[in-house]
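Asks: Relevant sequence annotations retrieved from Swiss-Prot are reproduced here:
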REGION    1-91  region 'Disordered'
REGION    113-138  region 'Disordered'
TRANSMEM  170-190  transmembrane segment
CARBOHYD  N239  N-linked glycosylation site
REGION    241-264  region 'Disordered'
CARBOHYD  N349  N-linked glycosylation site
CARBOHYD  N465  N-linked glycosylation site
TRANSMEM  484-504  transmembrane segment
TRANSMEM  510-530  transmembrane segment
TRANSMEM  542-562  transmembrane segment
TRANSMEM  589-609  transmembrane segment
TRANSMEM  617-637  transmembrane segment
TRANSMEM  704-724  transmembrane segment
TRANSMEM  964-984  transmembrane segment
TRANSMEM  990-1010  transmembrane segment
TRANSMEM  1019-1039  transmembrane segment
TRANSMEM  1064-1084  transmembrane segment
TRANSMEM  1088-1108  transmembrane segment
REGION    1169-1192  region 'Disordered'
COMPBIAS  1175-1184  compositional bias 'Polar residues'
REGION    1229-1337  region 'Disordered'
COMPBIAS  1284-1305  compositional bias 'Polar residues'
REGION    1352-1401  region 'Disordered'
MOD_RES   R1366  omega-N-methylarginine
Amino acid sequence: MDGDSSSSSGGSGPAPGPGPEGEQRPEGEPLAPDGGSPDSTQTKAVPPEASPERSCSLHSCPLEDPSSSSGPPPTTSTLQPVGPSSPLAPAHFTYPRALQEYQGGSSLPGLGDRAALCSHGSSLSPSPAPSQRDGTWKPPAVQHHVVSVRQERAFQMPKSYSQLIAEWPVAVLMLCLAVIFLCTLAGLLGARLPDFSKPLLGFEPRDTDIGSKLVVWRALQALTGPRKLLFLSPDLELNSSSSHNTLRPAPRGSAQESAVRPRRMVEPLEDRRQENFFCGPPEKSYAKLVFMSTSSGSLWNLHAIHSMCRMEQDQIRSHTSFGALCQRTAANQCCPSWSLGNYLAVLSNRSSCLDTTQADAARTLALLRTCALYYHSGALVPSCLGPGQNKSPRCAQVPTKCSQSSAIYQLLHFLLDRDFLSPQTTDYQVPSLKYSLLFLPTPKGASLMDIYLDRLATPWGLADNYTSVTGMDLGLKQELLRHFLVQDTVYPLLALVAIFFGMALYLRSLFLTLMVLLGVLGSLLVAFFLYQVAFRMAYFPFVNLAALLLLSSVCANHTLIFFDLWRLSKSQLPSGGLAQRVGRTMHHFGYLLLVSGLTTSAAFYASYLSRLPAVRCLALFMGTAVLVHLALTLVWLPASAVLHERYLARGCARRARGRWEGSAPRRLLLALHRRLRGLRRAAAGTSRLLFQRLLPCGVIKFRYIWICWFAALAAGGAYIAGVSPRLRLPTLPPPGGQVFRPSHPFERFDAEYRQLFLFEQLPQGEGGHMPVVLVWGVLPVDTGDPLDPRSNSSLVRDPAFSASGPEAQRWLLALCHRARNQSFFDTLQEGWPTLCFVETLQRWMESPSCARLGPDLCCGHSDFPWAPQFFLHCLKMMALEQGPDGTQDLGLRFDAHGSLAALVLQFQTNFRNSPDYNQTQLFYNEVSHWLAAELGMAPPGLRRGWFTSRLELYSLQHSLSTEPAVVLGLALALAFATLLLGTWNVPLSLFSVAAVAGTVLLTVGLLVLLEWQLNTAEALFLSASVGLSVDFTVNYCISYHLCPHPDRLSRVAFSLRQTSCATAVGAAALFAAGVLMLPATVLLYRKLGIILMMVKCVSCGFASFFFQSLCCFFGPEKNCGQILWPCAHLPWDAGTGDPGGEKAGRPRPGSVGGMPGSCSEQYELQPLARRRSPSFDTSTATSKLSHRPSVLSEDLQLHDGPCCSRPPPAPASPRELLLDHQAVFSQCPALQTSSPYKQAGPSPKTRARQDSQGEEAEPLPASPEAPAHSPKAKAADPPDGFCSSASTLEGLSVSDETCLSTSEPSARVPDSVGVSPDDLDDTGQPVLERGQLNGKRDTLWLALRETVYDPSLPASHHSSLSWKGRGGPGDGSPVVLPNSQPDLPDVWLRRPSTHTSGYSS
């Protein structure tokens, strides 16, 4: 932040500055008047020895001659204007350093100097010199101390993003809240509110070939009938007068009564007793309960039979609402249930099931043994029951005692499991009845909800000592799902609490946690607005609510990383302003957030490739939410952090100090607070030990093991998921799919018990065979919205359809004959198939029934083919004769004008209706190939036919078996493309995608081992797994990419130390959130919790160990694999170009010679000596090819005493090799030592020499690094973090402390460079010279200081506490000694008295 003094017209009194502390100018310091523009006068910089004062075109501040050592320190200084050719930023004013700093005195100079800034109100230069933008270092023309001067104004427009956030955080937050509020209001008012009444909608494939045909077929069925678009009969008056009673199903029992009542006078007594006892036969539409023995024994014993009767009476019939729901007899009493005990009472002539005896059970078992053989052989069928005369010949072999009553057939067909008395167990002496079904005399549906919740929902009410209810089919699945979706909402809320509670513990701030939660909710609300209004999506499925947890998991990772970087910038810039911290933090975090957000959203958007509408809607909503969160986080998080830092952090600390003063209870609380603080410190120490030392050391040292282990896990997961046993496909169509946990009675009935009873195995009226429906006249085009399952399709007529021509008649007749010759044609189908309607027409025309409607031309006319009009006329007459009520389907569809609009021809195949995907696929492929061949020979009017069947389950299975692999592959490809665009590094992108792919493969393999079915919920979350597993890997990838070190091991350690702690905390919080969702009843919540647990934990492992181990082996070094662009300057690029080039920082050919009045010397830097600690062998990871200390070792000690006892030489010249502090703190942000063991060139000129005393190296030529903007300039103009590959974080190092000799404390190297006018070339730029240490390196004393202007201090302290007073032994800021060797990095030194850990270690 700028804390500058304001200008005043008079110089008598100090003017208050706009700084945060209200700095004032010291008394007695004169203010010079404005002298004019900077371009009015140009002066040459004169060395301090030549002139005691420097003139300025703006000011003239006399500087006292520093040669008089006895006088007081100078109180005035001369402001020096910055010319347009100066490499310094022109937006800053400079003042020269005291002259005595150029002398080699024995004491530290400048300790008592006070420099006053001359106020100034003129305009600034427009732009900096271009030489400062090329990423190279050039010494400045004049020695300057950089400060920022800001005019005093009531309002000043922010010049940068960081300044906007730092100075106006409340305004930024309010603006974001206003945008969120407006978008929420527009989203709620501009579209329909979401309707979750049918939460299972959207899980049927749509917009596929099979799905479109099914949708059109359902629409054709819905639009066919009386008073509809199409008619089965061409008579208009008949269709218009037909009432809805024609389509209304007959009342229960009416069909049976109409067929039975005329025969009741001759029926036996047993049959009349059964009809009087039960209210007809059991039906599928009744509610059902499944009983099993508690002791795993047989249910065919008297105790179990009586137990079932009592449980029904106590739990169901005693409920108050049962009487209003049950079917009633003629006596207005509730009908008895169809249970094993009641059938036993009927066959034994008992009044109730509780009156039956053991003898009755034994007698009935013997009768069942006899009749079971005929039932399983197919002889005992409903048509054989009763004493009627019109029975099929095969009924004659059935004994009368088995067929005279329907009780035996109903017991075997409806109530007893298929294994009881099956052909394999008929000879058992004591057959075992494992399961028995009970039919309640109430229809299935929502009316049973109260009975279920009051009596059947609790498990302890469904069991006694003999039997228990383990399965139910009450028709309540949809209704109960809506109930539990609301009731189980507590589990996702607990998961959210776990995520944000872990975040609060990590951030140690409730305010920040609430702001993050508010940011997540705001992102979702804005995404809802875009989803509803911008994208105009009509359907908002219930699964979109899962985006709250998914986005919270992504946000948790970003938040932890951000505040780690925020704390790090605070520790590295303790005196820097908030604008500096925001700029430095967002330089790294903005890059990471951009790459992570784009990669995650691209992975979610890839799921749009799915054909399930619910999955596509979630992909669109979740991808949009991630992008909105990306945009919002760029301003929301830093503004929240600034707000907390400015108004809450310091105020809370002050209130906390004053709150503990008081009585004994408060002292007790203080003791507790101290204990908790001690625990927190212990946890922090453990965290530093684990993530700063052990984890990097373990990853690098055992990288061989990690690569092999995780590669084997990924390969095993791929084998399990793709080869054996694989993910099982669903066995039920979407409406009956699994929605509750597997142990729920509803799910157990559908998954286990439904197939155990023979009446459920075969669909009614169709014999269990797959039908084939051939359609002509309607195109298979789904005109509905593929993203809205509620939208219905309309029928698209085929304009070329014609079935009345002679060629069409011949082809249709031949199609019937050829179909009968196919192997899949069922020859035992009942009645004539409508496929052969031409044969049916021929037989009708030759039959006597043709004349029922009166004399007609059709009767007796056998000339084939007929004329088109005659053919259509006879078809209409046949339809009227055989279906006078308009309900019999002959395969003909007429429109309102009586014309033939469509043909719907059906026949039955010998393929069984099975949930087996392979068998259904064989049926579909065989029929498709046959029909394609037939249509190829069809006349033009019949070539656009198509077929469908009972393929709802197959359509879902086909989509789930093919789409997840495609979606995951596309998601990985998009992730790779996004990472490549973000890093421009091919190896890093490949390694990241490999880690993400390994995460997905291992996760799917684990889900297979958990016996997951690849159902709709699983497909939903598998499509999101790539998006969930990206962020941890991106954390490490970006941190590795932004690391300033060129060697891969240092970069691996750097990235692990920087992000591993936040990554582990985020994974632990999400694991806890997943565990809290496991008790939920709704399967969606449970599986979302499992996915969160598995994906995040597996992703953390693959990112931390597999990805980093790959980088240890094959990670890019320097520019390896980097797609270079003109604006991308890597931190290790300086000085590595062509040696003969005119690159900044390289010595020019004529600059070595001395200039007039100067005695230039050359210095050369040697690698700094390092000393191993005793724990080196156990605490570092070393290379087998060298004995250099590991980059992970922090045990190398920094010495305050002399490293060498060689006497120090006196400086040869006042102008020594100096360092510009801008180059120090911008080019290489991390602490690093120059290593003689690693050189970039293919033929290094120097080699390390090792002996038993330590490590030495040959001298290396040095070259200064390129300068950049100073920290002050960064606050006003943030660096472009997307063009620069170097991180702005300073002090993040994996190397160890180094030391130079401290034998000569007076031989210091100044911070900035002063250049005489003779050293300037023709263009006014300084001429660079190569420096040499002349073999005196061991006696060089490095006392470099950081040049920072602290606006938080009063102006009177600036001269003593700015660049002079700061940077002492206690200052933790690092210093840099540039290396003249272009292939080697600079020498970075840590302050002597600090030994930091964590990121700065």
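Numbers here mean position along the shown chain, with the first residue as 1.
The backbone N, Cα and C atoms fix where each Cβ goes, glycine too.
In terms of burial and nearby residues, how do these features look in this structure?
Replies: All protein chains considered, the CB of N349 (N-linked glycosylation site) has 11 other CB atoms within 10 Å. When secondary structure is read from DSSP and collapsed to three states, N349 (N-linked glycosylation site) falls in the coil class.
Note: N465 (N-linked glycosylation site) has non-local neighbours T294, S307, i.e. same-chain residues 6+ apart with C-beta under 8 A of its own C-beta. Classification of N465 (N-linked glycosylation site) by DSSP places it in coil, neither helical nor stranded.
Residues of the same chain lying 6 or more positions beyond the ends of the transmembrane segment (542-562) and with a Cβ under 8 Å from any Cβ of it are 194, 196, 199, 202, 485, 492, 495-496, 499-500, 502-503, 506-507, 516, 519-520, 523-524, 527, 585, 589, 592-593, 596-597, 600, 614, 617-618, 621-622, 625-626, 629, 633, 637-638, 641, 1020, 1024, 1027-1028, 1031-1032, 1035, 1059, 1062-1063, 1065-1066, 1069-1070, 1073, 1084, 1088, 1092, 1096.
Same-chain residues lying 6 or more positions outside the transmembrane segment (589-609) and placing a CB less than 8 Å from one of its CB atoms are 554, 557-558, 561-562, 565, 615-616, 618-620, 622-624, 626-627, 629-630, 633-634, 963, 966-967, 970-972, 974-975, 977-979, 981-983, 1023-1024, 1026-1027, 1030-1031, 1034-1035, 1037-1039, 1042, 1281-1282.
Proximity of distant same-chain residues to the transmembrane segment (704-724), defined by a Cβ-Cβ separation under 8 Å and at least 6 residues beyond the stretch ends, is recorded for 997-998, 1001-1009, 1101-1102, 1105-1106, 1108-1110, 1113.
If one looks beyond the transmembrane segment (990-1010) by at least 6 residues along the same chain, the residues whose Cβ comes under 8 Å of a Cβ in the stretch are 710-711, 713-721, 725-727, 968, 972, 975-976, 979, 1018, 1022, 1025-1026, 1029-1030, 1033-1034, 1037, 1090-1091, 1094-1095, 1098-1099, 1102-1103, 1106-1107, 1110-1111, 1114-1115.
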Asks: Which stretch from 510-530, 617-637, 1019-1039, 1064-1084 shares the most C-beta pairs under 8 Å with the transmembrane segment (484-504)?
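Replies: Highest pair count goes to 1064-1084.
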Asks: Can you name the far-off residues of the same chain, 6+ from the ends of the transmembrane segment (617-637), with a Cβ under 8 Å from a Cβ of it?
Replies: 165, 172-173, 176, 202, 515-516, 519-520, 522-524, 526-528, 530-531, 535, 537, 539-541, 543-544, 546-547, 550-551, 554-555, 558-559, 562, 586, 590, 593-594, 597-598, 600-602, 604-608, 610, 787, 1020, 1023-1024, 1027
Asks: Quick check: do the transmembrane segment (1019-1039) and the transmembrane segment (1088-1108) share at least 3 Cβ pairs under 8 Å, counting only pairs 6+ apart in sequence?
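Replies: They are in contact.
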Asks: Which residues of the chain, 6 or more past the ends of the transmembrane segment (170-190), have a CB below 8 A from one of its CBs?
Replies: 164, 522, 525-526, 528-533, 632, 635-636, 639-640, 643
Asks: With Cβ-Cβ distances below 8 Å as the criterion, list the same-chain residues six or more beyond the ends of the transmembrane segment (1088-1108) that contact it, or say none.
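Replies: Same-chain contacts beyond the ends: 491-492, 495, 546, 549, 553, 695, 699, 703, 706-707, 709-711, 714, 991-992, 994-996, 998-999, 1002-1003, 1006-1007, 1010, 1021, 1024-1025, 1028-1029, 1031-1033, 1035-1037, 1052, 1055-1056, 1060, 1063-1064, 1066-1067, 1070-1071, 1073-1078, 1080.
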